[in-house]
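This report concerns only the one structure given below.
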Amino acid sequence: MATSDIQVKELEKRASGQAFELILGPRSKEAAPEFPLSPPKKKDLSLEEIQKKLEAAEERRKSHEAEVLKQLAEKREHEKEVLQKAIEENNNFSKMAEEKLTHKMEANKENREAQMAAKLERLREKDKHIEEVRKNKEGKDPGEAETN
């Protein structure tokens, strides 16, 4: 488009800016349009070309299906690994808890046995003391009877 086909008309001028109006001249018949008005006509496809396109589409479909199946298999494998790891961690936790409980029970048993042994020792000491007091008392009783 030539510059002589364009007219610039100033509409108003303000502090905020200016406004213009562009007036375009009529199109010349010599200028070719920049884009075609209608899409180019498609050529008629032969049976072989159609068959090739169908086969290519089938290959793409099969390839896509294989990719999806591969992704599903990988996902299932990952799920199996995660599940196996969770089971293993659970077993380890159970084993550790059982060992801890067994150790605690053994410690409690040893503590209880030690307390029982200490009580028995105190009872023996008391019995021994009582026996000594009895012997001392029996030894003193005949003498006390004479003095009364």
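Glycine residues also receive a Cβ, built from the backbone N, Cα and C atoms like all the rest.
A quick note: this is a predicted structure, and the numbers were derived from the prediction, not measured.
Annotation source Swiss-Prot lists domain 'SLD' at 4-145, citing sequence analysis. Under the heading phosphoserine, Swiss-Prot lists Ser16, Ser38, Ser63. Among the features that Swiss-Prot reports, coiled coil is placed at 41-140, with the record citing sequence analysis. Per Swiss-Prot, region 'Disordered' is recorded for 122-148.
All features noted in Swiss-Prot, drawn onto the structure.
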| residue | record | Cβ neighbours (10 Å) |
| --- | --- | --- |
| Ser16 | phosphoserine | 6 |
| Ser38 | phosphoserine | 5 |
| Ser63 | phosphoserine | 10 |
Rounded to the nearest Å - Cα separation of Ser16 (phosphoserine) and Ser38 (phosphoserine): 44
Counts of helix, strand and coil residues, the domain 'SLD' (4-145), according to DSSP: 101 helix, 17 strand, 24 coil
Rounded to the nearest Å - Cα separation of Ser38 (phosphoserine) and Ser63 (phosphoserine): 36
In the predicted model, what is the mean pLDDT computed over the coiled coil (41-140)? 95
